[in-house]
């Protein structure tokens, strides 16, 4: 390939990337501080900025990426865990790293709340990344920002979209087991209740549908789904929708036999591609084989069902909207400036 042709291809690729990036940025709400202007936006937006650590910790994103990659090589399921960790952090008093705090004399933390106990994981991965960052940039980067970046890297590693993460969050000094029990959606909840919890935090029904798509790489403990396998609505029979797919039902029953000892075993929410971030979750919902009650209930609302159909048919649309909703979620209740602290270790407030 001669020099002129190489330059032509380079310019063409650059133009395509520029058009894509402009389209991605324009997807954010009007007034959003996208890091290329000085506005602070409105609603969920804040004083976060994509370039917050460019001078104070220039290797930050490389360190986080390396830490997530090391963990992923040993355990591919950690990708889903890191993504869930960010969600569970943000939904309890904001994206402040509170989920990472151990219990203390002053408070009972979120780790042992009902939705998190023996379920949420990835704490050691975040702590290891924090240790590496402290070696380069002592007391500079918040644990809350590390969680947000790790969630993004987890999605990218499994084939999902990349999105710029606004940074500058500060860490909380406390955590609340009670708030976690109250604020986090349950897999058994009705769509109306789940949506109400999202709306309280400034999100909406579309965000419910989009962020539920994270279940494409998710897992559930067997006790959450066994009623659909063996005794749906007290019938003593499987859910007819799952029974219609005999191969899937058989596989799920093998994974989650009808004995108490299987309650803590794990079943993939997207069995066909459990380590690939794709739109198969929505295809499953269209086929009435979403495993969680809170998943399949999306099809009971016309607006939500229409979004599910769109995402099942258009993976690019899902990827774009997922990135936008993740940034929205990552702005919930953030502390910036002199509020909060920068923890030296993520499990301890001081």
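Glycine too: its Cβ is placed from the backbone N, Cα and C atoms.
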Given that Swiss-Prot assigns 270, 273, 278 to the Ca(2+) 2 site, pick the one from 216, 300, 303 that the record assigns to that site as well.
216
Length of the line joining the Cα atoms of residue 216 (Ca(2+) 2 binding site) and residue 92 (Ca(2+) 1 binding site), in Å:
23
Indicate whether residue 278 (Ca(2+) 2 binding site) is helix, strand or coil by DSSP.
coil
Determine the minimum-neighbour residue: among 89, 96, 270, 278, listed as binding-site residues, which Cβ has the fewest other Cβ atoms within 10 angstroms?
278
If you count Cβ atoms within 10 Å of the Cβ of residue 84 (site 'Transition state stabilizer'), leaving out that atom itself, what do you get?
23
